[in-house]
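Asks: Dumping what TrEMBL says about this protein:
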- Asp150: active site, charge relay system (ACT_SITE)
- His226: active site, charge relay system (ACT_SITE)
- Ser550: active site, charge relay system (ACT_SITE)
- 36-115: domain 'Inhibitor I9' (DOMAIN)
- 143-609: domain 'Peptidase S8/S53' (DOMAIN)
- 402-474: domain 'PA' (DOMAIN)
- 665-758: domain 'Subtilisin-like protease fibronectin type-III' (DOMAIN)
- 1-32: signal peptide (SIGNAL)
Amino acid sequence: MASSRNTTITAIRVLYLLILCVLQAQVRLCFAAKVHVVYMGSRGSDDPDEILRQNHQILTDIHGGSGEKAEESHVYSYRHGFRGFAAKLTEDQASEMAKMPGVVSVFPNERRKLHTTHSWDFMGLVGEETMEIPGYSTKNQVNVVIGFIDTGIWPESPSFSDERMPPVPAKWKGKCESGEAFNASTCNRKIIGARYYMHGYEAEKEEVEESVKTVSFKSPRDSSGHGSHTASTAAGRYVTNMNYNGLATGGARGGAPMARIAVYKTCWDSGCYDVDLLAAFDDAIRDGVDVLSVSLGPAAPQGDYFSDAISIGSFHASSRGIVVVSSAGNEGNRGSATNLAPWMITVAASSMDRDFTSNIILGDGINFTGESLALLQMNTSTRIISASEAYAGYFTPYQSSYCLESSLNSTKSRGKVLVCQHAESSTESKLAKSKIVQAAGGVGMILVDKADKDVAIPFVIPAAVVGKRTGNKILSYINRTRKATSRIFSAKTVLGSQPAPKITAFSSKGPNALTPEILKPDITAPGLNILAAWSPANGKMHSNILSGTSMACPHVTGIVALIKAVYPSWSPSTIKSAIMTTATVMDKNREPITVDPEGRRGNAFDYGAGFVNPRRVLDPGLIYDTQTTDYKAFLCSIGYNEKSLQLITRDNSTCDQTFATATGLNYPSITVPNLKNYFSVMRTVTNVGEPNSTYKAVISSPVGINVMVVPRLLLFSSYGQKINFTVSFKVEAPSEGYGFGLLTWRSRKSRVTIPLVVRSTHSTSGLLR
């Protein structure tokens, strides 16, 4: 039935176009070939190579048996997620194709509107200037001020235009500091504050200045690009045509496009120094920011909370009602998460359904796909060798396989594609390897990286990153072929990649190495291949694609700003709870979120409470609230005495009301890292939903642990009402390592979910305090 209807529609379209052409005396153009999509449904169990052969045969038939014409007309083959192809066809050929067995539909390649800063579309927020959440007005975001502690800002970027923005809120006490290439008048109604801090940097400058090669402005102006990127991700205005060298072209905007921006430049070419960071926190608290976005942090393992500038600054910011959002880190290993304080929101990084890929075709016809931002391509196939074959001087073949500086013999490398290995996670070193191959005379590079396969890099020659499995297949081809060849194509944007989201390989993971009773990271947001504004001082680009938890952090920052726009009085812990309890642990296909590179099933150490869901955060139903006094009790529970506590709080705080363990903090997750036999903990929820509502506990227990909740029903009669409940854990069958579960309070319209993370002492792995 569907096939018949499609055939009729195609025939009508052909007749219409012929009449139109005749009327316009352009009959010849009617028979010109145009690109069409031939869609043939699901791939099923068919082998991709067999599908490719069948596609070629269909095209050959439509071209009267000419294989050459079939090859010329072919554009793409779809053979992995579904089957079909794209080809240049006349209207007559398209009509004939639509009648063929197995063809679902044939349609012309019409222009579609591309969207970028695609992450917001992926998370379900649409719009240009207001980024409205369905059912709520977020227009009050013009009164929300986001502070960015970062590398500064490039104020001329269209992302920071103040067109149609109302005057600066009266509450604002900040200022714009003048400096190199920046003066007070550079600010506008969008960028309402700009400061810079370099005393800490200058104190260390002599040790690092030899390594500093990038131009750096002694002002709030951004010479790096990182600060402009994070600011525009969270709060950038709508830009009609943002792209990276033609990739990801379309309209771009931040999460809260009408929110105000205050810049605190603390990061320079050599890093961000504690004294500068603390000065920035100090000023931001005074200036009157509502949210602070901090896409930086210490190296793992993180030291004590109060010997860490970000922990200190965020403690005081939070106690004054400022929400602090931070990145979890990019070390990728178990237990490597940083920014561990419970008073800040710590964000892990995920992918979304957009990739930047480059095709690699070997001499035997096999096609592989790698990640790349390189727009260069090879016009012909060229010899491919392992970089280990091009070893030079005192370097061993093993060392040269990593394409280290001066390790490649130019005579052996010249004119060839080199397969290089990569063991680190630094994007800079990957880029450098393409420069090393280029300097040795190589014309292309395949970089085998078992950890960070999905990160796209702007290589200086045709190049792509592949995973270990694909790399082994390519090396196997080289080893069994006398004169192996390959061709690397230009990068392209691919939408709809699945599964999505996935946790990136580089995203730092729990457990919390400092206080294992507090789950970190808290939440996950897009952080892979994010397009946003940039500083033209670095690479003469106005936008760039970056990956990292630095990019995930401002996504949550933007959502926080939208929440503050609707609920200005909500506390930082209320906002954190709303974000965490409405998150999802399922991907877009309703399957459990997985983790790169191995594709294993994720858990709370990978993504915290899950992937952020901005469409639900404004109606969380119940929240887990904490006050400053609760954080004081938390500090007492981890070993701070009254004397040290009072040094921090500068008041008469005591440890009279403390918790048995840090698990007692009213956090929107429960982590028990040292369960001997039986343990119970109390939590308090506050009703911020319907006044009269009933919630029922639904438990998914960690393996080997019996979980009981008392009471199982929560009956609320008013808004703001608080109810306590107790969660008890009992070891039934000790298992290895940590176990993961969920506790959901479910009402007629709400689901309020927190992670349960438990490790029994019978286990011999994991972290114990």
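Cβ coordinates are placed from backbone N, Cα and C, and glycine is handled just like the others.
Help me see these features in their spatial surroundings.
Replies: There are 28 other Cβ atoms within 10 Å of the Cβ belonging to Asp150 (active site, charge relay system).
Counting Cβ atoms from all protein chains shown, His226 (active site, charge relay system) has 24 others lying within 10 Å of its own Cβ.
Cβ environment of Ser550 (active site, charge relay system): His226, His229, Thr230, Ser295, Leu296, Ser327, Asn330, Gly527 lie under 8 Å away, each six or more residues apart in the same chain.
For the domain 'Peptidase S8/S53' (143-609), the model's pLDDT averages out at 91.
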Asks: Just give the helix, strand and coil counts over the domain 'Subtilisin-like protease fibronectin type-III' (665-758), going by DSSP.
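Replies: In the domain 'Subtilisin-like protease fibronectin type-III' (665-758), the DSSP-based counts are 0 helix, 60 strand, 34 coil.
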Asks: Going by DSSP assignments with H, G and I as helix and E and B as strand, what are the residue counts for the domain 'PA' (402-474)?
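Replies: Residue counts for the domain 'PA' (402-474) by secondary structure: 24 helix, 17 strand, 32 coil.
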